[in-house]
Amino acid sequence: MSVEKVLSLIQENEVKFVDLRFTDTKGKEQHISIPAHQIDADFFEEGKMFDGSSVAGWKGINESDMVMMPDASSAVLDPFTEDATLNIRCDILEPATMQGYDRDPRSIAKRAEDFMRSTGVADTVLIGPEPEFFLFDDVKFATDMSGSFFKIDDVEAAWNTGSDYEEGNKGHRPGVKGGYFPVAPVDSSQDIRSAMCLVMEEMGLVVEAHHHEATAGQNEIATRFNTLTTKADEIQIYKYVVHNVAHAFGKTATFMPKPLVGDNGSGMHVHQSLAKDGVNLFAGDKYGGLSEMALYYIGGIIKHARAINAFANPSTNSYKRLVPGFEAPVMLAYSARNRSASIRIPVVPSPKARRIEVRFGDPAANPYLCFASMLMAGLDGIKNKIHPGEAMDKDLYDLPAEESAEIPTVAYSLKDALAELDADREFLTAGGVFSDDFIDSYIELKSQDVERVNMTTHPVEFELYYSV
């Protein structure tokens, strides 16, 4: 969408406010609203100054001025606001140079795509993520010096089979790990997901399907692939819609990977492929219908997977999902169709749809950083011809201990992932896509999460140790 079309859109829809949005390092959208009468063509050249020191992991107070530069092509009407509002996504620029800030996730994603094109390997990367999420009726949590707790409740939860409800307990709910694909009334979220899909399409996403997932309250909405930065933008819209539609239905939504103990967590599988001049570069005559380039791309992902974990699985909670027994792919292997492998080659109707699916990521990830790090790892694999070895077509969840010990795994904790990122960063800094400054600041920021969790007394510790 051009600047002229944006200005026309404002007039035609009697827009009252323009909401400028950007994504911080942790992956959370931030925003500032401006009266629409302040917006003209010059605004898209000059941007909006703001205080970058207020964003975690960004500027110090002594050099805090930054520029939000609106991207006219991202403009979309907000369906949730009472007054007509136009949302526009922004890049964050350094005011001295008017270049992308090296800690701005969206600028990093754009640099990754630019770097890919500069190598001559491909001109397009297509990304198709599958974020899962939970819908609950009630969530309470607190942490202070006197204690800590969390308490989740939902009508679908197995623990409510004996609960009393004012309107009566209807009894239809999924069992533990038993929620995949049942129709209503076991699936109680059909209408909510349908409403989410309609709003997503209103905001420009192309919805392909929606369904209940394996766990009580767990859902998935599948949307069509897109180019890397645009798809990351769409994931932010996806999350915004899920949160706000859930709220309107009296529910609460979360993209936290593992809120429930003893049941499956939420993943974000990321389908991806490279193309050049409209030709899918991943289609070929090698294993699974892949090209040699695609195999090298897989090799790069596997080699750098534990560093990628720092972006694809960026929470301490992520690693409560990445454990055996809950359908989470922890082994760094690839296979056609085999969902126990961390990289799968899906069955496709034609070679032009050939792609790989990286399965270890989760929806807590900042999409810009997650997708960019995977692309950079894949490009490194292509550059250095890193072959992934033999495919693993057997059930990796059921291997003998001695055999599984020979297969590399994802990182076991956020602390481990950050250490791997620190040691294995050259593939990210190629072409100046990720800077050492950003990686250092990211490690420092996420290490604060690790330290806080490690320093907080846990209720299970009372269970284990109070009577020693």
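Cβ atoms here come from the backbone N, Cα and C positions, even for glycine.
The Mg(2+) 1 site recorded in Swiss-Prot includes Glu130, His269, and the single candidate from Glu12, Glu14, Glu29, Glu357 that the record places there is Glu357. Cα separation, Lys352 (ATP binding site) to Arg321 (L-glutamate binding site), rounded: 33 Å. When other Cβ atoms within 10 Å of the Cβ of Lys352 (ATP binding site) are tallied across all protein chains shown, the result is 13. For Glu208 (ATP binding site), the nearest of the recorded positions Glu132, Gly265, Glu357, Arg359, Tyr397 in terms of C-alpha separation is Glu132. For the recorded site, Glu213 (Mg(2+) 2 binding site), the DSSP three-state label reads coil.
Listed in sequence order, Tyr334, Ser335, Ala336, Arg337, Asn338, Ile356, Glu357, Arg359 are the same-chain residues six or more apart from Arg344 (ATP binding site) with CB atoms under 8 A from its CB. Nearest by CA distance to Glu220 (Mg(2+) 2 binding site), out of the recorded positions Glu130, His271, Tyr397, is Glu130. Looking just at the domain 'GS catalytic' (105-468), the mean pLDDT is 94. Here Glu132 (Mg(2+) 2 binding site) is positioned 16 angstrom away from Arg339 (ATP binding site), judged by their C-alpha atoms.
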